[in-house]
Every structure is written in structure tokens, then in C-alpha cells.
Amino acid sequence: KESAAAKFERQHMDPSASSISSSNYCNQMMQSRNLTQDRCKPVNTFVHESLADVQAVCFQKNVACKNGQSNCYQSNSAMHITDCRESGNSDYPNCVYKTTQAEKHIIVACEGNPYVPVHFDASV
């Protein structure tokens, strides 16, 4: 079974893509990372930083998660991210996404030993 940490990497990590020229990025990535298997996932964020830099966020600023849990952490610095948002005219399994790049602080939930990101909570 895929671990929570591995699932986070599959769903949210894309360190190699520092600049995305293609408006098709989300359509391709959401499919290749299996995020459209049983439905069109409405929103997903990819982080274009090294895994080590994202894992380090677990030891940065502790903040409350959206669900009220206390194991979320906000990055000290802004990170290069891409937001993928379902466009509203998807016809599953043909999911259509809008690709938006941003530089924002990320908030992740962490757990386990080693203490690593298991959930992408927000970007601010």
C-alpha cells in the first residue's frame, strides 16, 4: 500500500518543473499522477521545490490546519507552486484543468517518524 508520505510526493511534488510554459501542464500532470482515476479531483497543487526543502517545512512555523488539527506547518519562504483547478467543463474521464503558477508559502500537515509531509493544506 502506498504510504501517506509517498502519496504526498505523487500528488504534490514536481521539483523538476521550475517553469511551466504549457497551459496543458495540469491536464497532463493530473492524469499521469493518477489524480483523475475515479473522478476529476477539483483542486490540486504541485510544488516545484526540492523534496528536502518541502520536508523541512515540517520543522518551520506551526499553524492550525483547516480541519482544526495542530500538525500543520507554514513554510518560512515562498515556494514556486502550480495550482490545478478543474475548469467546470470536464466530462469524466476527460478532466480539464486550469493551470495557475504562483509564488506562495505552503502549509502542509506532517506526521510519522521521520516527520514528513502527508497532506497539502493550503498556500498563502
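Glycine residues also receive a Cβ, built from the backbone N, Cα and C atoms like all the rest.
Note that this is a predicted model, so its numbers are computed, not measured.
Here is what Swiss-Prot records for this protein:
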- 1-23: region 'Disordered' (REGION)
- 1-13: compositional bias 'Basic and acidic residues' (COMPBIAS)
- K7, R10, K41, P42, V43, N44, T45, K66, R85: substrate binding site (BINDING)
- H12: active site, proton acceptor (ACT_SITE)
- C26-C84: disulfide bond (DISULFID)
- N34: N-linked glycosylation site (CARBOHYD)
- C40-C95: disulfide bond (DISULFID)
- C58-C110: disulfide bond (DISULFID)
- C65-C72: disulfide bond (DISULFID)
- H119: active site, proton donor (ACT_SITE)
Residues K7, R10, K41, P42, V43, N44, T45, K66, R85 [recorded substrate binders]: greatest CA to CA distance in Å: 22
Other parts of the chain folded back onto the compositional bias 'Basic and acidic residues' (1-13), taken as Cβ under 8 Å at six or more residues beyond its ends: 33-35, 44-47, 51, 54, 108, 111-112, 116-120
Neighbouring C-beta atoms (10 Å sphere around the C-beta of C58 (disulfide bond)): 20
Residues near C72 (disulfide bond) in space but at least six apart in sequence (CB under 8 A): N62, V63, A64, C65, I107, V108, A109, C110, D121
Spatially closest candidate among T45, C58, C95, the listed recorded positions, to N34 (N-linked glycosylation site) (Cα to Cα): C95
Candidates K7, H12, V43, T45, H119 (recorded positions) with Cα within 10 Å of C95 (disulfide bond): none
Recorded positions listed as R85, H119, least Cβ neighbours within 10 Å: R85
Local Cβ density at C26 (disulfide bond) - other Cβ atoms counted within 10 Å: 25
Local Cβ density at C40 (disulfide bond) - other Cβ atoms counted within 10 Å: 18
Collapsed DSSP category at K41 (substrate binding site): coil
Least Cβ-crowded entry, counting other Cβ within 10 Å, from the recorded positions listed as N34, T45: N34
